[in-house]
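Student: Checked TrEMBL, it gives:
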| type | residues | note |
| --- | --- | --- |
| TRANSMEM | B:20-41 | transmembrane segment |
| DOMAIN | B:110-330 | domain 'ABC transmembrane type-1' |
| TRANSMEM | B:114-137 | transmembrane segment |
| TRANSMEM | B:149-170 | transmembrane segment |
| TRANSMEM | B:203-221 | transmembrane segment |
| TRANSMEM | B:264-287 | transmembrane segment |
| TRANSMEM | B:307-329 | transmembrane segment |
| DOMAIN | B:354-653 | domain 'ABC transporter' |
Amino acid sequence: MSYGRFLLKRGLQGVVVVWGVVSIVFVLRFITPGNAVDAVAPLDASPELRERIAAELGLDQPLYVQYLDYLWELLNGDMGYSYISGIEASQMVFSKLPATIELAVASSIIAIGLSIPLGVISATRRHEPADYAATTFSLVGISTPNFWLGIMLILLLSVQFGIFPTSGRAFGFIEAFRIAANQGVGAGVDAFYQWLRFITLPAVTLGTYFTALITRLTRSGMLEELGQSYVRATRAKGLPESLIRYKHALRNTLIPVITVLGLQLGTLIGGAVITESVFSWPGLGTTLINAINTRDWPILQATLVVIGTGFVIVNLVVDAVYAYLDPQVVAE
Amino acid sequence: MISPRTLRNLRKELRSSALAKIGIVLVLAMILIAAFAPFIALHNPTNQNLDENNLPPMGFSRTTEETTSEMVNGSLELTNETVYVNASASHPMGTNSLGQDVYSRAVYGARTSMMVGVLGTLLAAVLGVSVGLVAGFYRGRVDDALMRFADVSLAFPSLVLAIALIGLWGRAAVDVPDPFVVLGLVDPVRSALGLPTGMPDSFVLPGTVIVVVGLVNWVWFARIARGEALSIREEEYVKAARALGASDARIIGRHVLPNATTPILVLATIQVAAIILLESSLSFLGFSGTTLSWGFDISQGRAYLSTAWWIATVPGLAIVLAVIGVNLVGDWLRDALDPGIEGEGVSEMADEILKVRNLTTRFFTEEGQVNAVEHVDFDVRDGEVFGIVGESGSGKSVTALSLIDLVETPGRITEGEVWYRDADLAEEHRDSHPEAVDGDYVDVRQLPEATRRWLRGPAFATIFQDPMSSLNPSITVGEQIAEAVEVQRRARANPRRTRSRTQGYGLGRLIAGAVLPSQSYVSEESEERAVELLERVGIPDPEQRAEEYPHEFSGGMLQRAMVAQALAGEPDVLIADEPTTALDVTIQAQILNLLTELQEEEDMSVVLITHNLGVIARMCQRVGVMYAGEVVERGSLEDVFENPVHPYTEGLLGSIPDIEDPAPRLSPIEGNVPSLLDAEMGEKCYFADRCPKAMTSCLTDIEEHEAPAATDDTDHLVRCILADREYDESEALGSAAKQG
């Protein structure tokens, strides 16, 4: 199978999964106690008013009609209006999306940038102080709840030393660019500095678990690869150790690491939800929790659909990278 | 379900790993604290006392501004005063904003964490394993549907799904009576200990949370159970059981489930840790049915970070310690039950290219010291094929690896010299390393590490037994051969300097090379040379094959590619370690022909290691026979094969059936290769126990003796007293004599 056909096949599978995701969200609503009408109607609403609301929301239709309507509206990008604020759900969710993506990307950069070198050093200097330090860090890292880590960072770096702000987000990365473009370099540098001040603690908080996790994976994978026969054969042909480690062993180590990363992406988004809550970061997570607490179904639905779809898309990318690195995947 | 062997591995791993011990202590401590919380807590964790709120822990104090108002001369005067709030001995970890005891709340929080962790995992495991087994066992549509569903549910982060479900379903909780209170034990014991009585008589179990964490985590179990069911289904004994009419339920219960126990157990431990973290996240966000939870306390403490840091710190530390404990136990189980990374088990003057003297390699394992190669001597001459033959476990392969200094831990070459003839190298090291130089020879073992590495490729090249595992599966065959060419090309540009092998190729370009072909380590010339080499070893259509990956090659073609790679450095000595064992018989002959042809054309020396006497007879001029890490007999092929002296060599040759005269020569050697554990090997002839001609002096005389040789050209050396004297039955050694 060629790489192109492989991608096409994976893409079609992805579409099926996305359909599954939106269907589960639809089902979720019907296994929920309470009625959507209750959430919208005033407490003293007359039966006529309640019926009118139900008709308005399409709730008087047979289930399959509601389902088809729901799919059709989703295809058109229509996810309804917030029961609380009346804002269009899709607009609300997409306006919050950049903040969450920013946070996820920043923490991924921290995690990948730190963990792979750390794991490699740890594996190649086994039983040396560097290895002990890295393994201790990664054990504590995967065992620490990130919301608590966030609070401790706030306690230490914000409350005690005042280095970083305790919470919030001044503006987005793109806005910082806009400021630089409109107001000149000085203002731009200042804007990026502000952006960095706000995002540092949340990104570190969210990234720590992943740094620890990937360090562990890289270390054990690297140790396993270095024990393989081909490494011995590569040494026997006289290749320098750096090439054996970084070209041969590391590449093969990264293949399973990437798979796990794809699977752990859910944890990253889940972690983002709670990190946003700790730092009052105005992203999807905060939106989700507000929507649940106020039983604002359209917003909840839109958030879940976007998160689920996003997960599927990123996993497709991971699959594509994976297949690029491991030629055996395409063949199978 | 847990075999004695598993238990032994668990104990062994526990003994050797301090981390496993820490893990078990932490987990046991947590279980005990959770179980006996009513006796360990100092106060009722829900008792409020606003007079004693935000008390600091022992050893700390807190300041607060207190404003007092006073009527002075008819007007109200306010005075601000800094008041020190000191710790109270009855609240060693302080109190929270409601005056509740932080320590006692942490103790009761352990109960919530443990209950949710264990019950949630149990639910996830039961659900997931059932679904996975059904899917894997029946396959087809059931499998497809279940696995698609699993894919879809993985698309929701477990925390997001859990929040959504709990938010929509409510936060139902169950009041479970505390068994110790029901038994009437708590108050008497506490008053006897001098602790305040009146502990909560029930415990709030967050039911919805348990159900939801089970529902969002079942997929992991389903995947593992399915994988196990899929693979076990194909096992012969399972097919046999089916053929005999065993019911599906019985097969799953008897065969599939027990085999899946180990991975499920390991996963369950990891899941307990994950669920403890998930529970604390949920209660931190307020999605829990109970307020006696570490996560909830952290959310309460958040508001008081600047005044009362301990409220959030103490429960957080409790979570970290608990999860570290569970994770360490998980690591312990995984390492003990799935021992992945283990060390692998492991080969004369003027016209001799290689002289090996007293080579000794030992493995330092947990069972003890293993003497894999013991005082081995042999020579390899220019342009000859020297054979090393022996049963598996006799030390042949370790000898080969020792020659090229690639013995891996726990193995180590402890003694011996490997003299390699290279006049230039000898000249170069005569002053700096006089002990490593003798005439035109250098002792490879005494050369600096960098020089030793430099010799791999141009001096010694190696072909290993299994070509598939000796090539990196994710890099094309052509590129791997080109690397071997390139490393020599770069080395020649600046001889004798190891750094030159990566000259101009730092880490940055290495990383770039992973993505951009133009930044690759290998040059175009090397790639062309690789194609030539592929052609040289008889691979048709070499240009195209060079672009292919190892899995696209057949076994025979791959071994040819390995030979091409070995030729890249134009080596003086080619070490071939069981080069044909992994191949089909017809392919074996082709590879042997290729080796003979190349050896003659390139004028290399070949060290051929094999257990196959036929291969030795066909290929070699001279041969050494290995037994229990020693070379017991060596000499020309003629001497060793036609006139063997050592009873082991005789036995080995006797175990090849002779077609013309089958009856008399078929006499397999009784017994097995002895243990190579140092503790169990005495100073005696190691073959004595199996030897039909063992005599009492075999227990003392272990020297190498000279035996009659057919030509003057080659010595015939035997590590057996029979080279010097005839067998004398009156001196026969007890039991072995009876066997003979």
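Cβ coordinates come from backbone N, Cα and C, glycine included.
Provide an account of the burial state, proximal residues and distances for the features listed.
Tutor: Long-range Cβ contacts of the transmembrane segment (B:149-170) within its own chain (Cβ-Cβ under 8 Å, at least 6 residues beyond either end) map to 131, 208-209, 212-213, 215-217, 219, 222-223, 278, 281-282, 285, 287-288.
Here the transmembrane segment (B:203-221) has Cβ contacts under 8 Å with residues 108, 111-112, 115-116, 119-125, 127-129, 131-132, 150, 153-154, 156, 158, 161-162, 165-166, 169-178, 264, 267-268, 271, 274-275, 278-279, 282-283, 287-290, 292-293 of the same chain, all six or more residues outside its ends.
Counting same-chain residues at least six beyond the ends of the transmembrane segment (B:264-287), those with a Cβ under 8 angstroms from any Cβ of the stretch are 112-113, 116-118, 120-121, 124-125, 129, 158-159, 162-163, 166-167, 171, 206, 209, 213, 216-217, 220-221, 224-225, 293-296, 298-299, 319, 322-323, 326-327, 329-330, 333-334, 337-338.
For the transmembrane segment (B:307-329), same-chain residues at least 6 beyond its ends with a Cβ under 8 Å from one of its own Cβ atoms are 19-20, 22-27, 29-30, 54, 56-57, 60, 62, 64, 93-94, 96-97, 102-103, 105-106, 109-110, 113, 117, 269-270, 272-273, 276-277, 280, 294-295, 297-298, 300-301.
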